[in-house]
Amino acid sequence: MAKQLIFDQQARTALKHGIDTLALAVKTTLGPRGRNVALDKKWGAPTVTHDGVSVAKEIELKDPFANLGVQLLKQAAVKTNDVAGDGTTTATVLAQAIINEGLKLVAAGANPMLLKRGLDKGGQALVARIKEQAITLKTRDEIRNVATISAQDAEVGELLATVMDKIGRDGVVTVEEGKSTHLEHELVEGMQFDRGYISPYFITDSARMEAVLDEPYILITDKKISAIKDLLPILEAVLSSGKKDLLVIAEDVDGEALATLVVNKLRGTLNALAVKAPGFGDRRKAMLQDIAILTGGTVISEEIGRKLESATLQDLGRARRVKADKDNTVIVEGHGDKQAIQARIAQLKQQIETTTSDYDREKLQERVAKLSGGVAVIKVGAPTEPAMKERKARVEDALNATRAAVEEGIVPGGGVALLNAIPALDNVTTQFEEERMALNVLRRALEEPLRQLATNAGEDGSVVVENVRNEQRKHNNNHYGYDVMTGTYVDLMQAGIIDPAKVVRSALENAISVAGMVLTTEALIVDAPEPKKKNGTPPMPDDDF
């Protein structure tokens, strides 16, 4: 296919046009006094959003050369969202500021490769300074403040603080669309997996359509149980112990084995419940091992030379309660050894750090949460569908920001952490003039998020930046900054205006990375448009038959 090419200043001008177009749409959403953006959908109601990455993902320009600039800048927002889950607008604002200042230097004759080298050196120093500023997240109030700032909603902040209190910092929180007009949350006590009872005959509470066992024995196996001879020894052992409650977790239970369990349940001889094992393949084996450790049992598997008929009471797990409906089973307060459970959690956390797959990481985090007994569901409601989707996006941002804050700590918000990092550039050693120029570009760009926050609040950005510096000198306190909601200069940490260090760091790293790519681009290549076909009527065949 034929290609179109443009070079040098013409290429950089096209990139700049695309970058400025995207940034203009995204940066209007920055801060608590930023505006919303409405996104048209081909079907359904339009989406109204305050989320920078949602706006960025929607933008495609007709001009293919300018669109390359859009796609490059979009990477700063998307990558920041992937790593930290928030801070996408900050990344876009920083990247645009670095690119615009850098392009002026390139147009004046500066070497782009040396500029990039200076940006990379400065970036390393700035990231180190941001990490130095970070304070470990300790109190419930700090968690609430992080969530409130990210969602720009005090109710969301309070709810997330409450949920994190109850499920712990290793817990899993999922966000769903609710059916009411307000926020709701559910806490799942114990380990839940998405397999329900095999037969409705196991139900003990017909009003709730649930099967409930108190202090049951738990048989865990990865094989299919069809023959009664496989189950008979363990059934006799359970009954001889004086207990009647038994949970069977297996690949499947059918045939005479299922019939025997159901008949004994109906006669009242045995209060049994059979459920299928969760997951598939290797993940199933791992999850069965999790259940065994949680309940103090053993997985009966032919892979380790154990047959089902050889199982004894010592191989069975125990729990305070088991509850199952047609879709889910919950094991509450397993009797497993606490040290073994903690060792398993530590092992899973190690796997989380080493895995490169986002899907595997998510599944591992779920397993950690289930072992530590913390899973919560937040249901987001609103009067209309667009409002509900917009609020759900903000709740997800707040959740990601809270997790990031737990991970790497917190820094002063309102763009002040970046402002406070600027002196770190004074200690960077440079070899070439362009490297020194790049450090000056960063000095100017790091002020831009604060300028934009002030601009969105209707203030003069440059005046606010200068006033913040004066207030910091006056109070000898680097935590002073501008509260855009009240229009006053306050100690941001005391006022609860804080950002996760991971979010600020990721935004800066990705902005510098994208800016370096743009500044060192000398040629653009895109597909040439195909010539339009003429709308003539095709000739008719001869009627000679």
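Glycine is treated like the rest: Cβ placed from N, Cα and C.
With Thr29, Leu30, Gly31, Pro32, Asp86, Gly87, Thr88, Thr89, Thr90, Gly414 listed by Swiss-Prot as binding ATP, the candidate from Asp315, Asp325, Asp327, Asp499 annotated for that site turns out to be Asp499. With respect to Cβ neighbours within 10 Å, the binding-site residues Asp86, Asp499 differ, and Asp499 shows the lowest count.
Counting neighbouring Cβ atoms within 10 Å of each of the binding-site residues (Thr29, Thr88, Thr90), the lowest count belongs to Thr29.
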